[in-house]
Structures are given as C-alpha cells and as structure tokens.
C-alpha cells in the first residue's frame, strides 16, 4: 500500500516536469519579444537589453527553463506585465470564488450522477433509462455558456429567484453566497453529471456481465444487493476515474462559467490575462490549473486503493 | 440409506430453451432425472447446450436473451419454472447450487472470500455474525483449505486457482443443498489440481448425499466419476445410460464417434525416428526481472537453461502444467520473445542472437501454429491472402503462390473453393487447418505447434492430430508439439520432454516416459491424467 | 479491442435486428446533421441577408418577417449570421477533427509499434493531457494571436493526444494477437504488418473517436470565440455571435439562444451518432476522456 502511494507520487514528477516544460516553451516561442512587450513601444535598445538581462532572456533556453523552475520553487511566480503586481498575489486574490464553485459543483454532480447512473442501469432498456441517457448526451452536448444563459433567462429574469450575476463569498454573506453560487453550479454540473452518470451506468452494466455476478445470483443474493454491493463497488474504479479526468472539463467550464456569471475567480483571470497578453500571469495560471488537475487525479489514484484491494500491492 | 439414495432430486421433462428475439430453439426436448447421491455427467462438445441446460435449472438464463419455451424442471419436486423470483432466490444455495468453470473470475475481486461465503448464510437468514463466521471457518476446513483464518481474510487475487475453486465449492455446499451443478469446474485447472478438486467433490457428495450434475466435455473425467451419463449434441439429447453402457456399448453413432475420439494415455507404439537432426537447442533460457528499484528487483527464471534436439520426421512433445515454461520455450524458439541466452541451431546456423532483420530470411525454415484458431487469422483477409502471405514475403510470384494455396488447402482437408472466403465462415477446426496450411506454405523444416489442438473439440482434435502426423510422415517436417495434455502427447509424439517450473525434469521416447516414468513428478502427472484406465478407442477398460 | 471472432451469422444478425425500434433518435440526429451540412454549404445562397451588413437604424430588433432572428447591436441580420456561422463552425470542426485524427494516428502507430519511441511520446502526451484543454487552447491563442489557423491549432493540440492514446492502445493489444505473431513468423515486413494487419483494426475505434473529437472541436471553437479569444469578430461563428449578444442579453435573449440552440443540437447530433457507431462497432469501447 505504502509502496503504491510512493510510486504513484513519484510517477507524477515526470508529468509535472513535462507540463512545466510545455508551459515554458509555449511562452518562450511565442512570437514577439517579451522584453519588447514589457518595455512598451517607446523603449530604447538600452532599456530592452536591461529588461532582457533582468529576465534572463540573454541566456540559453534550458538555462532559462531551470532558472524559471528555481524561481517557482522559491514561490516567485513573477510580476504581472500589466498591473506590476506579483503574480502570486493576483492569483491568491482570485482563488476563493473558483474554489467554492468547484467544490459545490463536484459535490452536487457526484451526489446526483451516481444514483442516476445506477438507476439507469437498473432500468436498462426501459423508457426511463433511455430518457436519462438521452438527457445525459444532451447535457454534455450543450456548452456551459448556453446552459448558463438559459438558467439566467428562466430562473433569474423570468422567475426572479436568483440574481443575474455576481458573487459573494461564503464567509462574508452566506445567503447571498448560496443565491449567487446556485446557477453557476447548476450550469457547470450538467456536463459533469452527464459524464459521470453515463460511465456509472455503463460500468455497472459491464460488471453485471461478469462471472462473479452470476455466482452471487446463484447463491441467492437479492437483486438489490447484487447491484449495490457487488456491481457498484466493482464499478467504482472507472467511475472515480471519470470524476478525475472530468475535472478537466470542470476547470475548462469554470473559465467559461465565471465569464457568464461575472464571478471574479481564476477563470476570469485567465481570460483577462490572455486579452492583456500578460505572459507571466498566463504562464502561472496554466501551470497552476494543470497542477490542480494532476493533483485531483493523484488523489483519485490513491482512492483506488479503497475500492480495489488488488491495487494495494 | 437406500431410500435416500434413490430419492429423485432433479427431474427435467421435455425442456426447450430458445432465443427471445428470434424464437430459435437452442436445446430441444431434453429429459433426464437425477437421484440423491448420484453423479450424472452431462457430456457434449461446444454448442451442445449442456451449459444452457444447467443454467435453466438454476433459473439463471439471461432473461433478456433466453427463455425456457417448453418443458418442466422439478428440483425436489418443486417446479423451478413456476417459482416466483423470490422463491427461486430462496431455493438457490439451499436446495440447488452451482460451481462454475472459471475460478479466477467467479469470485468478487473486491471482497474477502470469507465475507463472500458468509453472505450465503446472511442472505438466507442463517445465524448471527459470530456463528456465521464459525460455520464458514468449519466449511473451509472441510474443503481442506490450509489456515482457514488466513484464507477467510484473503481476497480472491491472493489465492491460487485450486484454492478459489475450493472457496466456490464451500459457498455452494455450506447450506447443504441436495443438488450440486458443477459446470466444467476443473477445465481451467491443471491436471494435478483437477484431480484434487474432483476428489473433493466426491468426498463432499458422500458426506452430504448430494446429487451432482457434472457438466464436462472431457470423457476422461467422465470415466473417472460418472454413475450415469447424458450425451448431448447441438441441443439434442443423444443418449442416456450408465457409465459402462455409454463408454463400452454406445448405441448411437454420434456417441461411438465421440468416445472413440478420446485419446488414451497409452501410446500407440511407434518406431524410433531415424531422420537427420535438423534442430539443436542448447542452454536456451529466459530470465525476466520484475519490480522496480523501490520494491527490489526480482529475478524470475521463466526458462532455465534447456536443451533439445529434433530430427526430420519427428514429433517432439513438450508437456507441462501452467507455469512450467513450455510456452516460454516455444516463444523463444520462434523468436517471438528474445531468449536471454543459449543457442538455437537450425542446421549450422545459430538463430538465437540474430536481430529480427537478420532473422527474416531464416523465418521460412521454422513456422508456428498457435492455440487459438479464432485469433490466429486476420479476420479482414481472405483465406487466399492469409495462406499466401509468407510465400509473397519470400518473393514467390502471386499467381504461383495462389496456385499453391489451392494445393495446400486440399492437403489439409479443405477445398480449393474456400480460398475466397473469410475466416469467420469457418469452424474452429477448419481454421486450425488453415493455420497449418499457412505454416506449411513455406515448406519449413521445423513446425512449432503451441497447444494447437487445445481449443478444439475432441472429435476435431483427433482429426487435426491425424493431419499433423500425416504431414510429418509425408514431408519430413520436424514438429515441436507443446501441450498440457499428456493424453494428446501420447497419441501423436515420438519423444516427450516433461517440464516443471522452467526446466525439463524428464525426457525420452513417449513409451518410456509414459509407461516407465523415472521421475516422481512425471508419475504424479500420469496419475492425475483423467481417464487413464479406459481405452476409449476400443470401448474397454485397460486390463 | 473489438471481437473479431464472433460466430458467423449468429451474433451479427442479433445485433442488426435489435436496435431497429430504438434508433429513431439517431435517425433524427443524422437528418439534423445533414440539414446543418446543407445549410453550411448552400445556406449563404439562400438567405438574402448579409451577415456583415451594418445598419445603424435597425439595431437589436426583435424577430420579424424581414429578420427571422432579429438584428444585433450593429443592426446585422442574426439569421444570416447564424447561417454563415454554421459554415464556420462546421469547417473549423471538421478540419480540426480530421487533423487531430491523422496526427494522432501517425503518432499513435509510432508509439504503439516502436517501444523506443513509446516512452518519450507518451510522456509528452501525458503532459499535454494534463493541461485542461480549454485552458491550453486559450493559452495557445493568446500567444499566437487569434486567426483561423491559430484557432485550429489551439483545438488540435489538446485533442490529438487522446487519439494517440487510443491508437497506441489498440496497436499494443494487437501486437500480442496470434495473427500478428503469425505474420511476424512469416517474415512479413514491419510496414506491412502495421498497414495491412493493424491499421484496418484501428479504423472502427478511430471513426467513433472521430465523432467525439468533432463534437469537442466545435465546442472548443465556440467557447474560444465566446470568451473573445477565438476567431476574429468579422468572421461570423456561433461563438462570436453569442459573444456579441452578451451585452444585450436581457433585452434580446435570442441573440444568444438562436446560435446556442443550433450549436447544442449540432453537437448533440454528432454525439448521438458517435454513440450509435460505438454501440455498433464495439459495445465495450469507452467514451474518451
């Protein structure tokens, strides 16, 4: 068990390295001279050279890469070209709303999707199964911004139950938090619920075809137990795998949803930094979101051991 | 005791099972009875409907695909087909139980085996948590599992195939049902384990007076355990009778054909082969290293240094159980895996260390026939192109190659018109013939047959074995014949090597090894071979 | 892996007869997709409206006989813009999907058959796949500047590693198939094994994957454009139309809903067809992610 955890932790190192390299090269080979962008149009060659030296841009690529990594290690994520504030500070200011949204979405989705998927597997082939599955396809075919505006139109503009946009933190105003977080959570959840429900259904159905399910039936286990005790537990690994890989959709969705609902989180910061071509900020944000994604999947892999004893070697 | 012995436990009257969608009947008009303490063997080749019959008794037919369309099934006088789902559930494990073929997949991988056996008691409302556990431990002892406490807390993956099958048996018998259905329970096991499991079933049967419906394709097993036999073929019941009636005096042609196809352990008596040596293997070995630097590297000797020779016109059998290294040897010989060391001398050339590129010209001199006839052929190519592929690779003009494909197909007992068909249009036996034709197309000196008849039904197996022998005698190709089945080796081989744990433990002429084995392991294998006392070909026991 | 060993006649017949009564959603999806394709090709000739014609006097009008979907903030005809948008979205989607498939196939074959290349390739692919795709796409556009080519690249780069992983998986499992080993034993050259014995078996999963890549590509383009970092505003695409409609959403929700519904229905159709293809080719092939 410990061996597995250590090995799994170690195995993320090369992935992190490759991600860091990709993010670094992405911006390194971006057209346009970062120094020139930083300095602005009216900079003199001397100013440019000074900035280059300060950023280490006059060194070979791999030296720059390791210099950059070393800076990251020290917690120095650079300075925004645009606002001149430290990138770390700008990101920290925006983490809260995004984190709230991600947590509510994940919780809500998992709570809804797994029962839905298991139910569909139980009702396999019946009208209710087909209905649930068709809705699921519709769910991940509809982009977050379309779902989001539909919800705003129906529940805010027409029904008036929720504010159209905005955000309040849980600590400052719990009631307003609940009112503002509901629609973005619903909008983000549709894709996630659809993904998890589909995989829950198909995994449970696949497990139901296994020999040991026949054994369970042969020994007189009631059908309900066959589903919940034997099939669902064995279907857990593919289901939580999708919860992990689906986090990529969630992170992408956050970028869009924050824009739709005007939530001052990391997603909005991504768009703002891109529009402003604020390279140090973009770099750090991609890296951060990727690390979060890798981290979620690391946790998922460790969760495997809870569900499948064979992984505890 | 006599009355209990004759009590009717299972009665099947005129049973039909058909497909729900098309209404096509898969088994027709099956009737037989089974009495307390009796072992009834349901025998047939693949597609005979023997498993469907047993699933119908348990009420385990997939309701979406199959249904019982006619007939009656009575278990201890209760009509299974008329029972409600809940009644049926309550009958399972209490009145009727089932043991399945694949012990590797028959258990839930995510629960301890102890919990899984206890579940039988729990769902049938037996005892409390403490007494249940005690009962399970006692049952584990009864089925001779070592260290019941430790086994109780183990997950299936931590146990061997034989141990898992004992778990499944204890699960089936813990509530002392009167009917045990065993569906090929030993087919996936090695012969020595098979022997133990068969003995266990017999022991349990005597202890509890259980009626056993034993489903198998193996007449060897049948001759060892059956009281009575039901023979099925393509969904029909062919013949029913006592063991001796069926094995010694079969009335139906199909039964005669089937029984006489079963190889027996006594070799037919062959002349020693005098051909020139074509292959010499010396110190061939394969070492795997497993694990990472964290868990510590482990060295696994899949094949310890092994030598052998092969002459023209000779069939050399390599016999062993799973894990004996026989397949590793075959794959090293064919260079599908890289041997760690040793020499493979084909004539004067050592091919063991050549690169795949250097090896290519030599490939035509040694060819392979694999085990699984369904996966050995590219489903998207016509037979013509499959058989011609090797010849085209070696520069034979297309027309000439296709002409030879026709000859080859006829040689292996197929016809020229079949050239334009696709593999899926052929049966397993026919596909294996195509594989043989493909291998022969290059006129190889050595043919390596890796479990080539293991996936085939016994009647087809016999024909393919005869074909290989004929080809060997006719063309002088040397054959290395790898098998787990001593009886098959006895029928076809001139010499055999017996392997165990990666090394050869005994070798010699087939007569010598099988009739006067020098090693304890060889004796054990022979002792475990099912049906060794029966001369199937001549419908009589060996004297 | 798909099963190639099904018994003749039996299984395929059952598979063919079963879904007949249930495949109406797929038929509707096919019909809708054909409709969208026709709209994309000939639509611009059918509408009299000019998607670029600015009419300051005619701003944000509700739907009318003259302007079926109303007009936008610059007085342009939204119906015409949605029709032209179909062309953009479909072209971008198909080109990006095709390029992802071809690139993924080439790299996947390489990784699957040549163990030396495998480790390096898969490390890089794992790295790319560890960056959430929208974020990567946004970043790529940010760096290269938004135009048609860079948007295509921004969609292809996050998408093709999944194809690589699929193809590699199929190739690896085929490598140990006896029929491939038989081909090796017959001294069949490597390129021939790859192209004759392996490639055809990757096609079915690749077509299925292709439909999901296509759906994903169309969605990514729309998301990029919606966020204002995608196609330049002068090219009408569904995402762009919605991006521009945001300001007046409360007044004219149709500015977002008309293109949004077209987008969702198109993607839905593609996904339904993809599901049907997957069920037909191989019930066990999992949806990607």
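Yeah, the Cβs are placed from backbone N, Cα and C, and that goes for glycine too.
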Annotated stretch (transmembrane segment, per TrEMBL) among the listed ranges A:62-85, A:134-157: A:134-157
Stretch among A:12-30, A:134-157, A:177-197 sharing the most Cβ pairs under 8 Å with the transmembrane segment (A:235-261): A:177-197
CB contact flag for the transmembrane segment (A:177-197) and the transmembrane segment (A:281-307), at least three pairs under 8 A: no
Recorded stretch that, among A:99-122, A:134-157, A:281-307, has the most CB pairs under 8 Å to the transmembrane segment (A:12-30): A:281-307
For the transmembrane segment (A:99-122), sequence-distant contacts whose Cβ falls under 8 Å of one of its Cβ atoms, 6 or more beyond its ends: 128-129, 132-133, 169-170, 177, 181, 184-186, 188-189, 192-202, 204-205, 208, 227-228, 231-232, 239, 243, 247, 250-251, 253-254, 257-258, 263, 265
